[in-house]
């Protein structure tokens with residue numbers, strides 16, 4: 001009897017050991033489905049889906065370059081293989097790259113394994129062609145998604161599935177006037193505009209210059225999808241030069257040296273930068289606080305209380321601004337609007353945290369907490385501080 005018990009015990013222990021030796025796979029969160037930017041400001045993201053022919057890429061790039069605009073291009077793997085030089089031109093012009101599948105299949109008709117294969121093949125094709133990743137942005141072929149697709153896309157490393165709120169329908173061969181009207185007549189702050197690069201979108205190259213001029217006249221700023229969602233770019237932090245910016249002030253804001261910015265952007269003259277110019281900020285740089293009314297992307301460890309405290313807004317205002325029904329639940333990657341009543345201060349030469357705190361009725365400790373400052377003796381002119 002004892003021998004039989006011992007035998008069964010050994011078998012049981014071996015069985016349990018085999019179970020415990022397998023690691024439980026950890027799945028990522030489902031990809032967040034996005035239709036527009038979460039912003040009060042007049043910002044718009046022009047996006048272009050590239051298929052197998054890419055006929056109009058050169059004309060589109062020429063217009064964007066002339067207007068000093070950077071956009072987001074959603075690339076297919078098949079298109080990248082078919083016209084690699086055009087894809088390299090997109091990358092060289094500084095535009096944002098994202099994934100649009102390999103074969104433009106309807107993802108709702110594919111298995112999770114097939115979805116991953118489509119995304120991985122495109123990522124590999126784009127990376128070998130440009131050296132850049134398409135993550136974390138994806139756009140579904142035909143805009144066709146469901147919960148299963150979003151889960152599979154999230155597991156593949158694409159945190160955001162980018163839809164649109166303005167569809168030009170240019171692929172139907174609409175005229176320049178029709179494409180123009182569909183954009184200009186429907187524009188709202190935070191718009192994500194869908195256009196295409198292929199020959200079928202014959203009206204887009206001609207409509208694009210007039211669309212840009214009209215929206216600029218309305219006060220709109222053109223940004224990439226990452227920028228309109230307040231996300232870090234795959235290629236690092238990108239700063240769009242504004243009036244009053246200098247390399248010195250930017251170096252202070254992002255806590256890098258002027259020389260690092262010069263080298264990262266191949267600048268010939270460190271004293272000459274242009275309004276609207278996009279500069280790559282080297283290294284693992286902190287993002288500056290969002291502008292008033294802009295959005296904040298939730299990170300691991302965040303709570304509504306900690307976000308409200310950091311940006312000196314009330315918890316209730318943050319909840320109301322984002323129409324949050326359950327204040328105890330926010331998702332990593334979720335975009336939150338920061339209410340517009342927060343105040344910013346740009347550090348000037350001669351400032352110290354003590355002098356800034358004294359002038360604004362707060363303490364050095366509070367300033368440091370709100371702005372995540374570890375060394376209270378070290379601040380740079382040009383850095384933007386949130387005032388508690």
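For all residues, glycine too, the Cβ spot is worked out from N, Cα and C.
Here is what TrEMBL says about this protein:
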DOMAIN    42-223  domain 'NodB homology'
DOMAIN    237-281  domain 'LysM'
DOMAIN    294-338  domain 'LysM'
DOMAIN    343-387  domain 'LysM'
Task = Determine the mean pLDDT over the domain 'LysM' (294-338), rounding to the nearest whole number.
result = 77
Tally of residues which DSSP labels helix, strand or coil - the domain 'LysM' (343-387) = 14 helix, 8 strand, 23 coil
Message = When secondary structure is assigned with DSSP, how many helix, strand and coil residues does the domain 'LysM' (294-338) contain?
response = 14 helix, 6 strand, 25 coil
